Structure formats: structure tokens, C-alpha cells
Amino acid sequence: MIGTYLQGYHLYTPLEDQRVLQNLDKKMNKILNINLQKVPQHVAIIMDGNGRWAKGKGMERVFGHRNALTSIRESVEAASDIGVKAVTLYTFSTENWNRPKYEVNALMSLLVSALKNELPNFHKDNVKIGAIGDISNLPKKAQKILATVIEETKNNSKITLTFALNYGSREEIVNTIKNISKKVVNNELQIEEIDEKVINNHLYTFNLPEVDLMIRTSGEQRISNFLLWQMAYAELYFTDVLWPDFRKNDFFDAIIEYQHRERRFGKTSEQIETPNE
Ligand code: IPE
Ligand code: IPE
Ligand code: MG
């Protein structure tokens, strides 16, 4: 029946098939609305709302975390499809240690099993894995699998997927200041040489491009200690969708909204419209 599309489905296909095709159209339109010349290089995501999603279904919070994996897969695939070069996912914050022990343990086991299971897919999709945060304080098992996955995917090049783990922006800044100070004390660096570039090079994100777009799901409108320095000029996008419901089209919605924003970086609108004047 779908073949009748060629003859103009509005005229020839039965009602049911028309609905299928129209939904298909709607889905395809989203990606067609994206300007591939204006795609953000680096998208950072605060994956929020797993607990509420599970609770809404009468389930334990951990059920929500388990259902977050499909959303991760879809987001990375969507990003890769349109040429985003880096995606960074807020996976476990320095503050998340304050959650019940049971939930923290479940999140750590989930991390280990997901990284193990996804490794073949990372290769298939040419995804390079990275991690930011104070990794040395994660459970040994998590550190081990992370090191393996990072090493084994280091030559992949389509997109870089970075997990923020035991990550807090303030901790990162403290760590950066310590490392820079050590170099000053050892005479490897002069105080006068410290500038934004030097600071960038000492952050966990030293090898990532600037964050262009930050997406947060679940309706919360805050940064929660994520990439404070790196987001200085990022566009912020908030959606009510809970993370386990987030799909490719939700990602494309964020990109379309991003492309409607005017990034002025302190300039006037007129300067952006006619750059040569
Ligand atoms: C995000 O979902 C996952 C992590 C923070 C690890 P939450 O677990 O914060 O879900 P809500 O915000 O309680 O619904
Ligand atoms: C931020 O979400 C951390 C992650 C998504 C890993 P939270 O749910 O922990 O943030 P708050 O506590 O609501 O700000
Ligand atoms: Mg939350």
C-alpha cells in the first residue's frame, strides 16, 4: 500500500496508510528543517528527570536510569547524523554522591555494564569516548572499563562522546588552579603568561571545542554545577521532556531552536547581519 505514495497518497491510499505516511513526513521534516551549515560543534546535555519518569510509572527511580540508555543512543545518533562534532553528557555530578547509597551503587553498575555493552556500537558508529571529572574517585571497576573504552575508541573520528563523571565545575576549577599553581611554583609558567587559553588548556575539557548549545531536560532551568566556564557563551535550551522520553526528534527540536537564535557575542544585531561594516 505504501507504494501508492508515488501516485500521490492523498488521493489513492486508504486512510490508515495516509496517517502512517503523514507521521513519517512529520518526523522527516524535522531533520529537513536543519541548516547543515549552522550546526553547533559541541552540544552539552544535562540528562534530567529519570527519577520522575519512573515515579510517574509507579516504578523505582533506578528504572528511570535504566531507561536513559535509549535516549543517549538516539541523541548521539542524531548529533552524528547532522555533523555535531562533540556531545558531552552530564552523567554523575560531584553532588550526586549525596543520593541514597542504593541509587549511587545502581548508577555505577549501570555505567559499567552500559560501557561494556556499547563498545561494539561505538566502533560501528565511529564514536570516540572521553571522560571529564575527578575520575580517580570513581569505583575501580568503573575506572577500569572507562580506561579500556577510551583507549579502544581513541582512533574513532566521527564524533566525540564525553561522559561527565564525578564532575562538578567548581571541583574542575579548583583542580585547574592547583595544576597551574604547581607550574608557577616550578617555574614552568610565569604568572604573566596566565590567560584564558592557559586556563582552557588546564580544564578537563582541554581537547573539546567551545560549548555552543546546552540542553536540559525535565523542565528544570538551572546549570547545577555543569561546565560553568565552558558555557559562558552557550545557547541554553530547556525542555519539559523527561530524559527517558527524549528521542532524535527532541534533539532536532533543540537544534532548530538553536538555529533561530542570534549569537551576538557582545556585538550589535546590525554587525551580525552585515559583518563587513
Ligand atoms: C538524572 O535524573 C540522572 C542523574 C542525575 C544521575 P534524576 O535522577 O535527577 O531524575 P529526577 O530529577 O529526580 O527526576
Ligand atoms: C544534574 O542533575 C546532574 C546530572 C544530570 C548528572 P540533578 O538532578 O542532580 O540536579 P539538581 O540537583 O536537580 O540540580
Ligand atoms: Mg534530577
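For all residues, glycine too, the Cβ spot is worked out from N, Cα and C.
Unlike curated records, TrEMBL annotations are generated automatically.
Per TrEMBL, the features are:
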- D48, E235: Mg(2+) binding site (BINDING)
- D48: active site (ACT_SITE)
- 49-53, R61, H65, 93-95, W97, R99, R216, 222-224: substrate binding site (BINDING)
- N96: active site, proton acceptor (ACT_SITE)
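Sequence features annotated in TrEMBL and their locations in the structure.
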residue: D48; record: Mg(2+) binding site; Cβ contacts under 8 Å, 6 or more apart: R216, T217, S218, E220, L242, W243
residue: G49; record: substrate binding site; Cβ contacts under 8 Å, 6 or more apart: G64, T217, S218, G219, E220, V241, L242, W243, P244
residue: W53; record: substrate binding site; Cβ contacts under 8 Å, 6 or more apart: G64, N67, L242, W243, P244, D245
residue: H65; record: substrate binding site; Cβ contacts under 8 Å, 6 or more apart: N50, A54, A106, L107, L110
residue: T94; record: substrate binding site; Cβ contacts under 8 Å, 6 or more apart: G133, D134, N166, Y167, G168, R170, E171, N225
residue: N96; record: active site, proton acceptor; Cβ contacts under 8 Å, 6 or more apart: V104, L107
residue: W97; record: substrate binding site; Cβ contacts under 8 Å, 6 or more apart: V104, N166
residue: I223; record: substrate binding site; Cβ contacts under 8 Å, 6 or more apart: I46, S169, M214, M231
residue: E235; record: Mg(2+) binding site; Cβ contacts under 8 Å, 6 or more apart: P40, D212, L213, M214, Y258, R261, R263
Entries of W53, T94, R216 (binding-site residues) sitting next to ligand 2, with Cβ under 6 Å as the cut-off: none
Binding-site residues whose CB lies under 6 angstroms from ligand 1, from D48, G49, G51, T94, W97, R216: D48, G49, G51
Protein Cβ atoms within 10 Å of G51 (substrate binding site), excluding its own: 20
For I223 (substrate binding site): DSSP state (helix, strand, coil): coil
Recorded positions whose CB lies under 6 angstroms from ligand 3, from D48, T94, N96, R216: D48
Neighbouring C-beta atoms (10 Å sphere around the C-beta of R216 (substrate binding site)): 24
